[in-house]
Structure formats: C-alpha cells, structure tokens
C-alpha cells in the first residue's frame, strides 16, 4: 500500500522533491501539457535544461496537488472553520452552528469588542429592514413582479429600464424646478427683489408677443397646446420667459444665469454617473457570458430556464426561445466554419456585395436626412407667414419635421432588415448591426433637425448686429424648445396610436378570423429592442430640450409614466414575447449602452449652443452675455482675489498639461492591470479545462479498474475487491481496503 499512501491516503505529507513518480498520473492530460510547455520554454537555454535534468523527478502536478489534499482529508472536523451559511446543512442546523461559533468568538473578546460587535449587528439588521421597507415603496413593484412571473426577466428588464427613466427625469425636474423655476417664480410674486436681464433697448431686444389677439377659435388653442406656440410660449415652460438676471434675498444674491448653466451641466453629469453605475454590473455579466462559446452552450442547456415564469403559455414560449437560441448558436458555428473555408474569390465577392449594399444604405440615409432638412426649412418659413385658417393644414405645417422624422424611423428599419439578409453575417451580428443602424438613424435625425434650425438661426444678412437672425428668431432658444416639445408630444401620440389603432385590431383579427393569412401574420411581438429605441429616442430629446424648455423633464416623466401602463396593457392583451430571446443581463447592458450613446449625442448640440452660438438679446437670462458660457468667467472675475487666482490657475495650461499627464498615467495603469487580470482569467480558464480532461481521464481509468476487478477470480470467489489484476498502481490510486471493513473508496 505504499503507492496508496503516496497519492491519496498518506499518513504524512511528503515534500515535492521527495515525491515518487506515479506512471498513471504521469499520463494525465494536464501533466503532458506541462511537460510540453517545459520543453518549449527550455529549448533555447542549455543551462536551464541541464538544471531541469538534474532536478529530481516530481511526478505530475496533479499528484502533488492531490497529495497536498491528504492533510485536509485527514483533518478531524473542518466544519467549524467555514461560515455557517456556506455549509450544506438545513437552516436549523445552520442556526445552531452559527450560535456556537458566535459563543466561541465572544469568549475571546473583551467587553468593548463585544459591545462593538453588537452595534455592528444592530446596524446591519437596521440596514436590512430599511432596505425591505424601501422595496415595498418601490414604484410599480407589484406590476413588475406580475410581468416577471408571466413573461420572464427579458421583458422585465424593459419595464425596469422604463422605471429608471421615470426616476431620472423626475430628479432632473426637481433640480431644474428647485434651482431655476422656483427662484424666478418667487421674484415675480414679490418674495425676492428680482433684477431684469434687459440693460439696453435696441432692435435685438424686440420680442413681439405671440399671444393671439381678438376672437380666438377653439382649434387654435389646440394648435398652441400641441405646438407650444401662442399662450403656451409665454409661460415658464420655455426659455424665453426666464427674464430675471438676479434675485436679491435678505442675506444673499441669487445669480439666475449661473444657476441655469450649472444645473444644465449638473443634470447631464448626474445622468452620466447614474447610467454608468447601473451599467457596470450588467457589463460584468455580459462579459462573462460572451467569453466562451462552450460556456454559452452549457449555460443555455443547464441554466437557461427562467424560474420566474409561472404562466403556461409563457413557459411554452420560453421552450421555443431556448430552442431558437441553440439553433442560432449552431447556425453561427456553421457560418463561422463556412467563413473559414471561403476562397479568395468568394471573399472578394462578399466584400464587394457588402460595399454596394452599404453605399445603398448611405444613399437611403442621405435621402432621409435631406428630407428632414427640407421639411424643417419649409416649416420654419411657413411659421413666419400669415397662417391659413385650416386647422389640419396648420397642424401639418407645425408638425412636418416631426412627421418626416417619424416616417424615416419607421421606413429605414424595414429596409435594413431586408438588406442585412444579403450581407451574409452571423445571426448575432445581424441583430447588433441592424440595431446600431437604427440607433444611428434615430439619433442622427435629431441632429439633422437641429442643424437645419441653426442654419436658419445663424443665417443673417450683413451687417449682423445681434449675431443671429433676430428678425425671424427674436428668441431662438424658445423656437428650438418648441421643436423639442413637438417631437416629445408627437412621439407620445405615435406610441399610443400604434397600440390602440394597430396592435389591438391586429389581435382581434388574429383571434376572430382564423384563416391561413392571419395565422401566418400572428400576434404582434413585443420586440424589446424596438421599444427600447423608442424611449431612448424620447430621452435624448428630453436631454437636448431641457436647456431650451426647462420643464420638459416634467412632461417626459408624465409621458413615461403613461407609457408604462400603455405598454403593460399592450403586453398583457395584444402582444406575445419575441421569438428572439434577450437575457436580463445582456438586455440591461444593451439598453444602457444605447442610452449612453444618446446622452453623448445630446451633449454635443447643447455644448455648441452654450459655447458658440450667440444668446438671444430679447429673452432669457443670458441677454447681457454674448454666449451662455460667458457668465462663468464674469462670475469668477467677481470673486475675491484668492479664489479668482485659484480658478484662473485651474483653467490655465500650467495645470491642464500636468493633469492630462497624470490622467494618462492612471489610464495606462488601469489598462495594464486589466491586461494582467485578463491573462490570469485565461490561465484559470485553461486550468479548468485541463481539470475537466483530468477528471474524464481518471473516470475512464476507474471504470477500467472496476471492470477488471469484477472480472478477477477473487471477486468471483466472493473474497471482495483487494487488488485488480495486472495493475498494482491502479489499486494504489483508486482502491483501498480498510482493516475491519470491506469498503472501496475512490
């Protein structure tokens, strides 16, 4: 039994240098791979090779690892060394063990340490109870749990994302209302002495009233309500009504322009930090899931079921979605193999076809953007003329840019879905590439609209005393705010109209007209990416428009609040889950990644309008400044000399260059650290693969040894298993005869 003790059940732990060689364990795949790597690493160095030959033979790495485990296996009672929550026992025994461990720990502690420990436990219990109370107060908690139970975590992630946007917009509204709207309202009612922004009178300061005079028809009020013109323009909803420069309170003076600018920067930074914080966890899960294709197969087969599903039809859909995932993965592997076997001529043909199709896509995008540009120019020109008295025509002219943008967002995804079928990509890449094209169309259409507006705003005939076209746009910020307001309202109308006028009749037709066409058509799918793009598009409009329409986050909060119930009713009554599955972790990361793209796109026009375009001289808080950003250096110049020199030093090149160098060094450090972690992860993954091969190899040997032992004469005579025939080493590795008991251990 010497070989047995050397490998598994030795009474002493042998040192690695004195460990004997084991022919069986030397056959392990991990040991063979280790020998191969040693040969490769020592091939170029004769001295290292001589040192390796003079070194005593250690046996396999696996034998050393298992020999090291002998001390653990012979330990009398390893259970108290582990936390009670990690033990594989029932809850009652866990409580008893935890109480025993706590008593043992308290015996060795002083009175002050015991008091500190009790205080920590009380604080932890208080935090857990507070967390439970906050969960009960969570918005739509019961509704979201119902959706999760019927449709799983994929669709749940969409409604959780919608709830996040409601909270984000509400916080933005609280910031804007508390620091901008409320001080201006207080000054207008005499609670604080407000100073007007106007300092001189000229043609640039002329801002004619947009309120309708005389007899006003009812439909004109509807147009004003839907377009933000008329009576609605002269409210706190738009930028032009904030005409107060400073508010003098009893003990301090409130600078409204500075607060306006800082709040704008504040809600953009808050949105960025909040989104990044939520996306970190989803990014980690998504990174783990996308690392290895074999791991993806294992996850789908062994851990792919969503145990939150309680509805029978949803369970059937989950079965089909898992089958769809596996088919898609197999199709991807087939396409990858096909791509690897392509000849040079086939590659050239595919690349040429993709080039032609992408040129066609660029042509479609150019046509859409040009249509948006012409619609915006025409709508702005008609707004300055005498309006016709036709209600429908007035509304169409006001909403012409919004209508063209909505049509572009509806038509281009259909074209992209048809084109992507001829580009010969993998199924997963097809979905991602089509979604990114749709994201680009939706966000770029807003950029084209703003570019069209600014081309009209900045186009003035020389001389240009105001720096912008003050004749057509006496308050251009309010005009941009009206366009964002119309986009927000029209987007909400389209979402509600599609649910009521398209999805609900479609369900009635499919249910009550069972023919071949309706069965092929089927119920409307609840497509998660399409619905996410809708609300990200609306949130991007809110971020851009909040500077020109300060109360737009309040409208966006109400809009998303109503959309939640619209989508919930549509999901429960009209739709079925998509056949293309989306996991909660990957869905959350995708949603937040698209939202970050929208935030980055929103920062560009807002930053350009603050820093580059001249502010209006007839309205708003920045009439005394050339640009909105000019309020910052002017405020710094009014500070005490010490603070002024500090801010000037922070803004100088002498601070900026070293700060940039330090940031680059920190960035390079984290890049190197991430690379090291990635290498460690790859090594651990390789080690897991090798251990899996070792286990399979050892199981095969165990099976062979047991088969030989069953066929041995000793087993036939009933004497039990002592040693398999012809393999003394196998008995030393796998089988052991204990004295006093006929037992076999592996």
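Start at 1 and count along the chain as shown; that gives each residue its number.
Every residue, even glycine, has its Cβ placed from backbone N, Cα and C.
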Correct range for transmembrane segment (source TrEMBL, candidates 655-676, 677-698, 699-720): 655-676
164-186, 187-209, 210-232 - the one TrEMBL records as transmembrane segment: 164-186
Range among 125-143, 144-162, 239-257, 258-276 that TrEMBL annotates as transmembrane segment: 258-276
Secondary structure composition of the domain 'TMC' (475-585) [DSSP: H/G/I, E/B, coil]: 85 helix, 6 strand, 20 coil
CB contact flag for the transmembrane segment (258-276) and the transmembrane segment (164-186), at least three pairs under 8 A: yes
